[in-house]
Amino acid sequence: MEMKHLTLLLSLFSFSAYTASPLVALASSPSDGQSPSSSEDHPPQTVSKIPSNVNPKLKKICQEVNHPTECVTTAAPFLGETADISPVTVLQAEIEAIDSQAKEALAKATKLATDPTTSKTITFPLNICIDGYKAILKNKQAILDAISKRDADELNMELSSNVDHISQCEDAFEEAKINSPIPELHSLLGKMIFNSINIGVDMVDFEDKN
């Protein structure tokens, strides 16, 4: 249990650094419905934007994460119409959504990085992001295995590693003092990853046999 709490603290520390960065501020699209002065890590600002026709169980779970609207819109497509909605099934759906988003980000980042007209100043941090996206894709199976084994410590460790990968990409652009050419994709992926942390650490309880 101590390991679980330590993992959560480290993840929240990374989250604070991530959301404070210029790139994330830039990547907050108008669809977020937030003013420039609003904070992304307060769920009540986006809870009201969750569609009214959402499964009540999914809505209840997503209202507890940092980015409720993104939780609903990204997890729902990967939940079957007859799925038994629980923190575990929503987490599994979100992991599938993260995988899909990481593949899209990887494809666009790779295309830009290999384009001869792309500046080397952009190519260097893009390559760091590419490595991170690949690591996130590779990490998918380890997360699903941890869920299958009901291993909370391993699950928290694997989920937190995704935070590291997304943060390293963020740091690369910040150090280069330039903006990412794919801010929206990267920002959404980051929100999804932190939502998965919220669900995996705060809601999934493998000790509950019910």
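From the backbone N, Cα and C atoms, a Cβ is placed for every residue, glycine too.
Features as listed in TrEMBL:
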type	residues	note
SIGNAL	1-20	signal peptide
COMPBIAS	27-38	compositional bias 'Low complexity'
REGION	27-52	region 'Disordered'
DOMAIN	53-199	domain 'Pectinesterase inhibitor'
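Averaged across the domain 'Pectinesterase inhibitor' (53-199), pLDDT in this predicted model comes to 95. Residue counts of the domain 'Pectinesterase inhibitor' (53-199) by helix, strand and coil are 116 helix, 0 strand, 31 coil (DSSP-based).
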